[in-house]
Amino acid sequence: MKNSAAIFLTSSLILLLQTLHGVKAGFICVGSSFPTNSSYQKNRDSLFSTLSDKVTTNGGFYNASLDGVHVVGLCRRDYDRQGCINCVEESIRQIKTSCSNRVQSFHCNSDDRERVSCLVRTTDQSTYRILELGPATNDPSPVAIDTFAKNMTLFRQEWEAMVDRTLEAVTIDNSTTVLKYYGALKSEFSEFPNVYMMMQCTPDINSGACKRCLQASVTYFRDQNWGRQGGGICRPSCVFRWEFYPFYGAFANVTRVPAPPRALIPRTEAISITRLKGGIIAIFVVPIVINLLVFIGLIRAYTRIRKSYNGINEAQYDYGGQSKLRFDFRMILTATDDFSFENKIGQGGFGSVYKGKLPGGEEIAVKRLTRGSGQGEIEFRNEVLLLTRLQHRNLVKLLGFCNEGDEEILVYEFVPNSSLDHFIFDEEKRLLLTWDMRARIIEGVARGLVYLHEDSQLRIIHRDLKASNILLDAYMNPKVADFGMARLFNMDQTRAVTRKVVGTFGYMAPEYVRNRTFSVKTDVYSFGVVLLEMITGRSNKNYFEALGLPAYAWKCWVAGEAASIIDHVLSRSRSNEIMRFIHIGLLCVQENVSKRPTMSLVIQWLGSETIAIPLPTVAGFTNASYQAEHEAGTLSLNELSITELSPR
């Protein structure tokens, strides 16, 4: 009776709080601004004029483009037609009011009273069939769970089980409707109020991407909002929300799902049975596993010996089945005018880079690796095996390769504006980089890293992210390049140890320099250095004799003088936004690896000015040993990957 009364009172309180939490709307404006009455605004408004009608007539989702303007609209499945129209038009009105002249905008409109939810996004880059985790809106309930706080452990277990069931319902949905990735479940918990949970993804992405998007939202809620009475997180690719009351009218015809039954075996008995079974299994399994590991070790040792003795026939090596991307050497000679000096656009640690033109007129960039360079062979193979399997607008595209005789050549898309370092560290060219342009470059690099770490079919650690390895296309969009030092991780692998440190000192994380361990957080550190360079307009090399840029920025932050490091050419009217980016950069370059954020979390922070972010702790290499480590690093520059491009 006491439990029933508590549940009734809690449910009543929740219903009273709906008026506080029922209307949920959030908008985010990012990127550069466009002039009033510009062609961009006219094209955007033209798409807006028909968007609500297009969404409803196309089954609840619509993606449209017009001369560089891209618009996406999504409504909840089983939507009411007029409700969807009203929701989309309200989102458009909010964007025009709050993000009137911003190139990129995102509005998530959720109104319980109108029984509808929708999202609208505008951008200058196509996002069709691309998983987009940011920008994101976060809307937790303002009310904390305290009525049954003593049972929070049990509640969390049942809540997690419900998340798993909803995820499964969403990602294996075989619906023939446009809005195929959708799930709304009601779960009746034995000791708590009913829980209502809804998940939805845009239908243009695949089920794996849908699952990753929703898992990211669940993880964020669990890490940042746990203890709140419900809430929602809205991303361009997915929506997640749960409450103690029905919302959107999404649960009228939903089958109730009972909570999984609790174990009937007493805990002590269950443990003893488990231990007994485990002991029996171990007796038989352990010897088998040991013998298997020994056998695998012998096979691997034999393979290494055989390779070192016989060598590798590069002419017959198909590079992971990518032989179809093989270029004829004579074609490359013609394209580059026999590697003429006039076509040379850069010189790297392992070869030269040339501009070329294919017979069809397509411009290409050709990297000709230095003959006899052992490290160059590793770089060559790495790039072929990795880049041919990666596709993202913020990664440089590998068109093909050539390995005839002693030649090892990589052919890339041509990126006309060279690399970032030729702009940000040049006194004159730096003036061209407005804050909006710098912010867009930073966000683009972050998206490229999220793809490498989380969203591609592989998990890749770049290990050599720096300004000279970020190329800029004709529209100054960034493309991460040079994957010669990259390492492939298993999806469940978190860290690795290398025998030799490779990379560029100043961008390498402390744990990598000191202990030779690396992980996704190693790339996060490098990203933080690049971000701080973008804000200051100065290379980390300029700080070598003193502290290093991360440590210098940290000391200024602690002293309350962080604004002093901002590039003087940037507008002071944007100082609040720039200070937030400095804050994020310092979080990325923290000495403590575990405190550095993931790149997906960085994307969320960059895309929203309302999400609270933690205070940074001490930056890497802040202690007195920095100078000694720098001197040790300069002794091994021959082992580092250093590529410098010069425009012609």
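Each residue's number is its place along the chain shown, starting with 1.
Including glycine, each Cβ sits where the backbone N, Cα and C put it.
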The candidate from Asn174, Asn623 that Swiss-Prot records as N-linked glycosylation site is Asn174
Candidates Asn63, Asn515; Swiss-Prot annotation N-linked glycosylation site sits on Asn63
Annotated as N-linked glycosylation site in Swiss-Prot, from the list Asn37, Asn592, is Asn37
Students should find that the Cα atoms of Thr504 (phosphothreonine) and Val353 (ATP binding site) sit apart, in Å rounded to an integer, by 19
By Cα geometry, the one of the recorded positions (Asn37, Asn63, Asn151, Asp464) nearest Gly351 (ATP binding site) is Asp464
Its Cβ having more other Cβ atoms within 10 Å than any other among the binding-site residues Ile345, Val353, the winner is Val353
Among the recorded positions listed as Ile345, Val353, Asp464, the Cα nearest the Cα of Asn37 (N-linked glycosylation site) belongs to Ile345
Asn151 (N-linked glycosylation site) -> DSSP, reduced to three states, gives helix
Residues in the domain 'Gnk2-homologous 2' (140-247) per DSSP class, helix first, strand next, coil last, are 42 helix, 27 strand, 39 coil
Rounded to a whole number of Å, the separation of the Cα atoms of Asn63 (N-linked glycosylation site) and Val353 (ATP binding site) comes to 39
Recorded positions considered: Asn37, Asn63, Asn151, Gln347, Thr504; fewest surrounding Cβ atoms within 10 Å belongs to Asn37
